[in-house]
Amino acid sequence: MTIIAAISCVFLFSILCETSALVLPNSTDLLLSNNNFTDIETALAAHLDSAKIPKARRKRYISQNDMIAILDYHNQVRGKVFPPASNMEYMVWDETLAKSAEAWAATCIWDHGPSYLLRFLGQNLSVRTGRYRSILQLVKPWYDEVKDYAFPYPQDCNPRCPMRCYGPMCTHYTQMVWATSNRIGCAIHTCQNMNVWGSVWRRAVYLVCNYAPKGNWIGEAPYKVGVPCSACPPSYGGSCTDNLCFPGVTSNYLYWFK
């Protein structure tokens with residue numbers, strides 16, 4: 001999936017809506033089925049461990065409130081998919097994914113990356129300028145793609161790019177509700193000057209969210225249809241909450257801020 005149109009307004013390459021969030025098409029799709037899950041998870045861990053992520057930071061690039069809002073919103077969306085999902089897993093915060101998102105957000109590059117990680121993780125991006133009341137103003141555009149999505153596969157949700165980008169897109173939404181993508185880590189960074197499709201945006205607010213295991217495997221549906229929690233992986237031991245296979249964790253985010 002190559003480049004994307006806008007969100008809160010009809011967007012062409014030559015028209016920038018600087019007070020609205022823009023999203024980049026999800027270019028992290030794989031051409032092969034997810035048959036070697038264990039190998040991919042092992043490789044992802046190795047690549048994240050070797051990623052060039054600063055060990056010491058003056059401040060975190062996401063607040064606790066923003067992190068909780070993003071995580072809770074994803075689980076809310078995942079628990080209310082239609083048709084209902086039988087194997088939708090509860091999403092938890094992943095510190096390593098957040099650190100890798102932080103490293104990429106700090107580059108202020110309006111593109112998916114770094115390239116050596118994209119084979120192993122999913123990634124959603126959003127950017128806006130101007131004031132905003134909630135971090136969800138950068139996240140909800142991903143969910144809004146649901147109106148153009150026909151389960152189980154994206155139909156016409158392929159924007160025609162790169163010279164001009166138009167047409168609906170769905171891959172941000174499908175990554176959000178990919179059943180096995182049970183970990184997320186995000187970062188937000190304010191870029192003083194950011195090149196967004198040839199236009200320099202001042203003080204652009206850049207959100208990067210990384211997902212694992214990655215979703216959007218071509219030819220596969222994001223989840224199985226059925227009675228909620230009726231097809232959860234055995235590792236969940238039959239635990240279910242809000243239509244999600246629940247891992248039984250006492251906290252899925254606060255430990256990162258200790």
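These residue numbers are counts, starting from 1, taken along the chain as shown.
In case you wondered, yes, glycine gets a Cβ from its N, Cα and C as well.
What Swiss-Prot records for this protein:
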- 71-211: domain 'SCP' (DOMAIN)
- Asn26: N-linked glycosylation site (CARBOHYD)
- Asn36: N-linked glycosylation site (CARBOHYD)
- Asn124: N-linked glycosylation site (CARBOHYD)
- 1-21: signal peptide (SIGNAL)
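Under DSSP, Asn124 (N-linked glycosylation site) is assigned to a strand (E or B) in the three-state scheme. Helix first, then strand, then coil: DSSP counts for the domain 'SCP' (71-211) stand at 39 helix, 40 strand, 62 coil. Packing around Asn124 (N-linked glycosylation site) is summarised by its Cβ count: 26 other Cβ atoms lie within 10 angstroms of its Cβ, all protein chains included.
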